[in-house]
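Q: Pasting in a structure now, in structure tokens, and then I'll have a few things to ask.
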Amino acid sequence: MGPPRLRRDRGARPARGGALVLRPRAPLERLPAHPADPHVRRLVLLRHGRTAWNDAGRAQGHADVPLDDVGLAQAKEVAPLLAAMAPVSVWSSDLARASATAEAVAAECGLEPALDARLREFDVGANRTGLTTDEYAAAFPDEYAALLAGEIAGIPGRETDEDVLARFLPALTTYADSLGDGETGLVVSHGAALRVAVSAFLGWGDGPGEALGGLANCGWVELEHSASFWTGGTERWRLTAWNRVATP
């Protein structure tokens, strides 16, 4: 059984505070250290750079919107920071905003990104795609009311959390299982999809995931598979960083 349905709009939105900031042009040696522990596996999950629709507050869903100039600059800026983590593989959503972000980072690592449609953002439905929240509410008031009531399954073409997790989690699990001891993998995807996937992947359910807040464009998440005192020495995946960004 999947986690309880989240009652909120899955359109793209900026993160509201709480980002852990790495100062601009910080030398790589000042990044948070990743000890060369041969038993620790890591997944780094990166949201794509900014698009014009992000900037305008338009829901993107499966629309193939490219990065704008700011988004391209964000991808280039974050690339050396993530390359310093030495990923052995880069997997990406096949949508242009994610794949272009992945290509910038992969090039810095000497890798080629593998594209996977399972990593796409929520499909928000044909009526919601391309509209701001105000435009959607005015044009389709019945759908908007259903959205506010959490009746997502009744909105034509709109994916539920369960729909997204049914495709995203098997992909994420496959990537995690492919990593050897001491290896790091990078996944490039989308804000809403990453948020529900991380919560489900870690076995949290709905509540803690909601408390995490949104991911900034080119904000990233770090997951670590290791044993700790808090798990009684049992190895498991844990969240070690949320919404790290290259610049304020």
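For all residues, glycine too, the Cβ spot is worked out from N, Cα and C.
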Q: Which of these, ARG97, ARG118, does TrEMBL list as part of the substrate site with ARG47, HIS48, GLY49, ARG50, THR51, ALA52, TRP53, ASN54?
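A: That substrate site, as TrEMBL gives it, pairs ARG47, HIS48, GLY49, ARG50, THR51, ALA52, TRP53, ASN54 with ARG97.
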Q: Measuring Cα to Cα, how many angstrom lie between ARG47 (substrate binding site) and GLU121 (active site, proton donor/acceptor)?
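A: Answer for this pair: 10 Å between alpha carbons.
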Q: When you measure from the Cβ of ARG47 (substrate binding site), how many other Cβ atoms are you left with inside 10 Å?
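A: Result for ARG47 (substrate binding site): 30 neighbouring Cβ atoms inside 10 Å.
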Q: Rounded to an integer, what is the Cα-Cα distance in Å between GLY49 (substrate binding site) and GLU121 (active site, proton donor/acceptor)?
A: 14
Q: Rounding to the nearest whole angstrom, report the longest C-alpha distance spanning ARG47, HIS48, GLY49, ARG50, THR51, ALA52, TRP53, ASN54, ARG97, listed for substrate.
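A: Overall maximum Cα spacing for these binding residues reaches 15 Å.
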Q: So what sits near THR51 (substrate binding site) in its own chain, CB-to-CB under 8 Å and at least six residues off in sequence?
A: GLN60, VAL65, PRO66, LEU67, ASP68, GLY71, ARG97
